[in-house]
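K.L.:
Among the features that Swiss-Prot reports, 5-phospho-alpha-D-ribose 1-diphosphate binding site is placed at Gly80, 83-84, Thr88, 90-93, 108-116, Ser120. For Gly80, Asn111, the entry in Swiss-Prot reads anthranilate 1 binding site. Per Swiss-Prot, the feature Mg(2+) 1 binding site maps to Ser92, Glu226; the stated evidence is sequence analysis. According to Swiss-Prot, the feature anthranilate 2 binding site maps to Arg166, an assignment based on sequence analysis. Summarising the annotation, Swiss-Prot assigns Mg(2+) 2 binding site to Asp225, Glu226.
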Amino acid sequence: MFKELLKKCLRGESLSAEEAEKIMNDIMNGKVPAAQIASVLTILTYRGETVDEIVGFVRGMKNNMNAISLEELNVVDTCGTGGDGASTFNISTASAIVASAAGVKVAKHGNRAVSSKSGSADVLEHLDIWIQGNEKEVKNAVADLNMSFLFAPLYHPAMKHVAATRKELGFRTVFNALGPLANPTNCTKQVIGVYSIELARKLAEALVVLGANHVLLVAGRDGLDEISATDVTDVVEVQGNVITEYTLAPEDVHLQRGKLEDLVVEDAKSSAELIESLFLNKSNVTAKNAVVLNSAAAIYVSGNVSTFEEGVAVALETIESGAAYTQLQRLKSKKVVEHAQ
């Protein structure tokens with residue numbers, strides 16, 4: 001079956017959602033040789049994935065993940081496709097902490113660095129924040145601390161079947177886009193950083209089919225897969241089955257536009273140091289504004305505020321009042337979660 005679908009791709013034809021789901025199921029179950037996986041990933045990257053293919057691939061990944069039920073907690077995820085090559089500090093991770101300090105329930109999905117200098121798991125280790133290892137720990141952390149970190153390999157063990165091939169290929173594949181759409185909690189409220197507006201549009205259409213509630217897909221024109229504090233950001237907003245596209249600049253919400261170099265770090269350790277100084281109100285303004293903008297997005301999609309600008313005000317207050325730093329200290333304490341068990 002896989003070979004027939006591969007031949008279909010070679011003929012330049014696209015796959016239906018059902019066919020894409022079948023391909024992903026076979027890949028996730030270790031039924032496909034590495035050479036054939038490489039072939040289909042290369043073909044799809046060259047011609048671009050269709051919305052139906054993305055929908056099917058996401059369903060296939062979800063069929064094979066270790067899911068966690070957090071529907072009653074109404075969680076939000078802040079996750080990016082990664083690979084922007086900008087070597088910035090972990091903006092989405094810092095933003096998740098701020099949003100959780102502001103009362104948003106966050107289930108942050110992430111991994112170690114692949115092409116970047118610091119993955120979300122790497123910086124959390126340097127911040128001494130405990131990474132939960134099972135469903136009970138995750139539920140307790142979200143309920144008691146408003147935040148849990150979902151380390152992707154624990155919930156997507158079947159990805160081991162493509163890890164070596166992805167590394168050998170050395171370029172972005174559909175899996176970069178699929179990761180943020182396959183949160184183990186099946187959350188429907190997200191902020192997803194992507195590397196291009198074209199991809200954002202495709203993912204938005206796929207998210208409508210997959211049942212998203214409220215999602216912001218963001219692509220900074222400076223190349224960041226975040227809401228940019230240094231340039232204009234293209235935004236594709238999904239609310240139910242309604243898709244809206246617009247741009248956002250820092251000055252639109254009364255924030256100063258900064259320089260990209262103010263966001264660059266050497267490694268996970270320096271990323272953690274910048275985040276800690278930011279929460280102590282000692283960082284540069286650009287770093288602070290980057291976190292404010294992305295925190296505001298998470299607060300907005302959570303439904304805790306009605307507009308993005310209201311989210312900015314809440315994020316600013318959360319950082320400047322010291323609430324974000326207090327939350328950081330709470331997240332560092334394993335005893336809070338362990339006691340809840």
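Any Cβ shown, glycine's included, is placed from N, Cα and C.
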K.L.:
Given the binding-site residues Ser92, His109, Arg166, which lie within 10 A of Glu226 (Mg(2+) 1 binding site) by CA-CA distance?
P.N.:
Ser92
K.L.:
From the Cα of Arg166 (anthranilate 2 binding site) across to the Cα of His109 (5-phospho-alpha-D-ribose 1-diphosphate binding site), what is the distance in angstrom?
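P.N.:
With the alpha carbons as reference points, the distance is 19 Å.
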K.L.:
Just the number: how many Å between the Cα atoms of Ser92 (5-phospho-alpha-D-ribose 1-diphosphate binding site) and Asp225 (Mg(2+) 2 binding site)?
P.N.:
9
K.L.:
Just the number: how many Å between the Cα atoms of Thr88 (5-phospho-alpha-D-ribose 1-diphosphate binding site) and Arg166 (anthranilate 2 binding site)?
P.N.:
23
K.L.:
In angstrom units, rounded to an integer, how far apart are the Cα atoms of the residue listed as 'anthranilate 2 binding site' and Gly80 (5-phospho-alpha-D-ribose 1-diphosphate binding site)?
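P.N.:
Approximately 17 Å lies between the Cα of the residue listed as 'anthranilate 2 binding site' and that of Gly80 (5-phospho-alpha-D-ribose 1-diphosphate binding site).
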K.L.:
Which secondary structure state does DSSP assign to Asp225 (Mg(2+) 2 binding site), in the simple three-class scheme?
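P.N.:
Its secondary structure by DSSP: coil.
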K.L.:
Using the structure shown, find which entry in His109, Arg166 (the binding-site residues) has the sparsest Cβ neighbourhood within 10 Å.
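P.N.:
Each of the binding-site residues His109, Arg166 was scored by Cβ atoms within 10 Å; lowest is Arg166.
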